[in-house]
Structure formats: C-alpha cells, structure tokens
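Student: Features from TrEMBL:
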type: DOMAIN; residues: 41-218; note: domain 'tRNA(Ile)-lysidine/2-thiocytidine synthase N-terminal'
type: BINDING; residues: S45, G46, G47, A48, D49, S50; note: ATP binding site
Amino acid sequence: MSDGRGGSVRDDPTGAAPLDAADFALRMNSLGPFESGPVLAVGVSGGADSLALCLLAEDWARARGGRVEALIVDHALRSESAAEALQVAGWLAERGISHHILRWEGAKPSSGVQAAAREARYRLTRDWCSRHGVLYLLLGHHRDDQAETFLLRLGRGSGVDGLSAMAPVSALPDVLLLRPLLDVPHARLMATLRALEQPWVEDPSNASGAYRRVRLRRMAPALSAEGLDGACLAATAGRLARARRALERATCEAMVRAVAFDGSGFAWLRTDELAGMPEEVCLRLLARLCRTIGGEAYPPRLERLERLSEALRSPQRRRRTFAGCLLTPKKNGWLVCREPGRLAPSQPVQAGQRVLWDGRFDLFLTGRGGGRIDGLGHQGWLSIRDGLAEPMIPLEVIMTLPALFDHRGISAVPHLGYKRRTECDLTIGWVRFVPANPLTQV
C-alpha cells in the first residue's frame, strides 16, 4: 500500500522491529508521572516519525482514559502541502483521532528555510496548546535526529549544552515538550507503520542536498563504518546531557552567591565572585542571566560569551550591551538590565485586558477606556520625577520600566509608585516580571 507520494507499508527491507505498545509505554513512563486521563498534543507532519508517534501515543492515552490531539502543520512551502495535510487528516479521521490543521501563513524566507519552518512549527503548536490548555506536546524526534543534531552542533563549535542535543523533556512557560523516541532509530518507526498498514508522506526536502542536515544524513554509512553510527553519537549526546545537568547545579549555586536579582527586571553581579568562578560555570551564569533579563529566544553564541566573560573580569571596565542587556560597571560589580534601545514598541491596551509587554512584564489593566504601554524612557522620567521619593531603582533601569500612557501623558508607573492624581480613567491593576527564560534550571 502507498499513498502515491509517500512510504510503502510492505515488508520492511531493513528487518527493523516495530515499536509496540509495551515499548512505547516504557518510554512514556520515563517522562512521567502523568495524571489519569492525560491529553497529549502531538505534532504531526505526515512523515513516518511523527505519524508513528501519533498512533502510538493515541493507544497509550486511550488505555489511560485520555486522548490525543494531532496538530498537523501545513508549512505552505510546496504546492502539494495543503493536499498532503488533508490526506494526513483523513488517515487520522479513519482511526478516530482528533486532529487540527495549522497553516503557516505569510511570506516565507528565501534562505534559512528549514530553521524558519522549524520555528514556525514550534510557534503554531505551542500557541495551540496554550489556547486550549493542553500541557503536553509530543514531538517525533528520534535517534537519527539526535545524532544529526550532535554533528551539526559539533560543526558549530558548540559547548556542553549544544552537544547535549535534544532533551527528552523540555519545560517551557506554557507547555512541556516531550520527546519519547530519542533512543529509537528511524527504521523502527517506519517498521511500526508498516506493521500497522499505515502509509505516510515523504517530504522531498528531506532528500535535498541543499540542506546541511541532509548532507550529513548521506554521510551516515561512511561515519558508521568508522564507528560513528547513530547509536554511538546519540549515546555521547546523552553523556554530555548528564554533564550538563551537573554543571547546571553548580551554576545555580554560583548564582546564589554572585547575583542579586530584583523583581523590577534587573540584577547586580558581584565582581569578586566572578573572579574566582570556574570559566564554564561563569559562561553558563552569564548566558542564563542575560537571557532572563534580555529575553533573547536563543542562548548567545559561545565565542561571544567568552569575550563577555573576559571583559567583565578585566580591570578595563566600560559599559557594554549584550544579548538585549545593558551592563554597566558599578562600585562592587555590574548592573545588568534591559537595553533601552531594544525595548518592545508601544502596545495599545484597554481596560480589563491582560498583556505581556516586552516579553517580560505581565500587566492587568483596570478602570475604563484605553491607552498604551511603553517604556518610561528618559524624557518620561524627567516629566514625573518631581514629587517622587528618591527611587531605589537605578536610573538605567527606570528608563526601561513599563509605563501607562493615555492622551494626557503618563498616568501610571507602578514600579516607581507613580499614579497621576487627576483624570486617570485607566490604570494598571498589577504588574509582574515573568521572563520567558528562567534564571535557574536543573
């Protein structure tokens, strides 16, 4: 059987063993525990890996009184993609699996297509989970993907974090990413679908030599002949993940000694603690601190971190920017705050609305009418400072604080205890610092 474009369900020429319900349950148990009646979202492209995951997850969830919500992503990169998404939806409907097609709308990049598609896929599926209150999002990455990721990051000169490749569980603010198949080779997933007489879609981009990952995949037989097969590379990534967890614990301990964090979204970094800190721990601390305050989606490149670490411990101290942060030398260390020039644009708001501004501050608006949230800025500070008590917050930070503006000007700056005395129809009920990237993670 074949869908005309995709994988055959005839006998497996590789002789790989299918993954059965017991095999899959063992892998899911290692990611738990789970509540009774779990609801699992599964990212489904229609390829063998994600489709096998979806069918296995559906059986697992049903056996526990739960269900699967299959999220079929149509990247809209090829003319056939919409029809393929409908084909996959039809297959799932035949098996009684709830499914939803998520389409990547808008202009597509001319370069970096695979990375952009991956980012869009994560965004679409995560947003769906967040809107529908689904905690678990399962992804079909397997052992061969893990080995390829290791090689790609090795080629970029990644450190321990990068070479740890993909984690079985990744805790994000709104969802848990679960990858139960990281120790399963691709051949077993194809064998699983053949055993279930389930065809799949083959994406031609997975065979295109234009992509580095595909070129590495083609090298797999030669690498395997030299002892660098998928199992070996994935095992090495696993050992590095173990080292990463130990380093992360050491970094958390160093964070307690070296960093004083403030709920207004800034931190003090002690120079004396930096001086005696092991280099690897220092690099991790700086990466974590700057991502928490600066809000960057991805960790800074290792070579940039190394230059920053050297500069912060140098006697020649000067103000600098890094990864969305402003680092200013002070008497006993460094002030680390949001870079004023990188703040989010002004955001319109209405009474009763809850908004996330600058990816850092969660605000709730009360009263009536509308206005906008923006950074206070230097001129804003000058316009309200008379009559305010001397703030405990450094000036560099004050300029980056969220302020509520209406047609009369600034009406409220909660972190400074400021509220305009006259004609304030709209105000900020509460505000919290909720960074996308936590300061500590083990």
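Cβ atoms are placed via backbone N, Cα and C, with glycine included.
Could you tell me the structural context for the features on the list?
Tutor: The Cβ of S45 (ATP binding site) has 24 neighbouring Cβ atoms from other residues within 10 Å, across all protein chains displayed.
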Student: Inside 10 Å of the Cβ of S50 (ATP binding site), count up the other Cβ atoms and send me the figure.
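Tutor: So the Cβ neighbour count for S50 (ATP binding site) comes to 27.
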Student: Cβ within 8 angstroms of the Cβ centroid of S45, G46, G47, A48, D49, S50: which residues besides those meet this for the ATP site?
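Tutor: Not counting the recorded site residues, we get V44, L51, A52, G140, W200, V201.
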Student: Within 10 Å of the Cβ of A48 (ATP binding site), how many other Cβ atoms can be counted across all chains shown?
Tutor: 25
Student: For A48 (ATP binding site), what is the secondary structure by DSSP, using just helix, strand and coil?
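Tutor: Where A48 (ATP binding site) sits, the three-state DSSP reduction gives helix.
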Student: Quick one, of the binding-site residues G46, G47, which Cβ has the fewest other Cβ within 10 Å?
Tutor: G47
